[in-house]
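Remarks on the structure that follows.
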Amino acid sequence: MNICWLRSMLFLIGVLLAVPPALAEAEQAPQGAVWQLTLYGVVGPATADYLVRGLKDAAEEQAGAVLIRIDTPGGLDSSMRQMISAVLASPIPVICYVSPGGARAASAGTFLLYSCHVAAMAPATNLGAATPVSIGTPMTPDTGGGQPGDGEGDPATPHSGRGTGSAMERKVTNDAVAYIRGLAELRGRNADWAEKAVREGASLTASKALELGVIDLMAADRSELLEVIAGRSVEINGRQVALDFSDSAIFVADPDWRSEFLAVITNPNVAYMLMLIGLYGLIFEFTNPGFGLPGVLGAICLLVALYAFQVLPVSYAGLGLILLGLGLIAAEAMMPSFGVLGVGGLVAFVIGSIILMDTDIPAFQIALPVVAALALTTGVLLFALLGMALRAHYRPARMGPVAMIDREAEIEQVYGDQALARFEGELWEVRCVEQLKAGDRVRIHEIDGLTLVVDKLEA
């Protein structure tokens, strides 16, 4: 029965894994088509994976160009650099287009826009606010607002005297300036304004960006964009490539199941809960072996969480405090210390949860309500455990010599100076200062080896 069930599960898994490739083949893009990728929301591991794979697939399918529609407030610096590296290495033209109206290419989006072969914006869009923030440094009114991946906050210029100007902040800012100036010089765009966007958090509207040479053109929609760029040429790997996509098909490459799954598990709140489910499952399995399901489920959740933490900006101090806290709570469950280990573990767990994500970007912080809810749940379980331990400690003994004290027995046989009493079906030799006879009731007040020391009860 178990073997049949296992075979059925493996068959279903194989079918599910085979479905995405089959769908991909059914939606094969025609050669020379313009592939459209969409970068929407915060830049993170999932968006980087989607864009990098999209560029790779487009090149393999011999697409005419890749059009990236951008609407982002920024995100993680590591994910941004991963995407830009893929754009710079692309053997086909990459067109970045900030649209629709009201969209923005803030912070990481500005860097990405500068890296593309063609930079375009729709009316009523904006870019800029690319001031970096040191990872793990709290934002204050005096420190700048977003890493190449943030785009939030009040900018601070290390040379203006407005910020604290720490060595780390200067290093991060100068690195970002050099990076964006290099991109601007590569594409022949306004490098001075790019530096200003990083150092001062400057922003521009689409029309002003076109006027200052930050972007190449403006277009109201995708059709107009493809018409306007006709006749232009860009340099790719030392060769000039003409742009003319008037007759090209448009292939919209939406995120697939892998990108969607990665987006879910790299949500810090989801990764955090997966880690806790995994750890609690393993603790339950080790303390109550034989169930199987908690251990298997816990191992799967823990491995998925560790994969997510691998691509997220995790503070190892926070992770260590969480593990220490759960370890102390587990120790409290196995060898009760009447709260010392448990309370210490709960404190370590809460502190570790708060500092777990090593970034100031709000989208990559663990929500405080989630931390509070899980801490409260853990605290309730801990105090329930302490209550059971205290009740067990003060509960009268129910077996062993201690449990016999103050209990009554009946004298069954008397032989001279020796007497035997029956207690719970067993015969015990008894010793008493008073004269005993068969049928007397006695109370046990001491146990001396195999002899009960008793007091005679009055009839």
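Yeah, the Cβs are placed from backbone N, Cα and C, and that goes for glycine too.
As given in TrEMBL:
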type     : residues : note
SIGNAL   : 1-24     : signal peptide
REGION   : 133-168  : region 'Disordered'
TRANSMEM : 261-283  : transmembrane segment
DOMAIN   : 269-385  : domain 'NfeD integral membrane'
TRANSMEM : 290-308  : transmembrane segment
TRANSMEM : 314-331  : transmembrane segment
TRANSMEM : 338-357  : transmembrane segment
TRANSMEM : 363-390  : transmembrane segment
DOMAIN   : 403-456  : domain 'NfeD-like C-terminal'
*Mean of the pLDDT scores, which run from 0 to 100, over the domain 'NfeD-like C-terminal' (403-456)*: 82
*Go through the chain and flag residues at least 6 beyond the ends of the transmembrane segment (314-331) whose CB is under 8 A from any CB in it; none is fine as an answer.*
136, 275-276, 279-280, 283, 287, 337, 341-342, 344-358, 378, 382
_Counts by DSSP class (helix H/G/I, strand E/B, coil) across the domain 'NfeD integral membrane' (269-385)_ = 93 helix, 2 strand, 22 coil
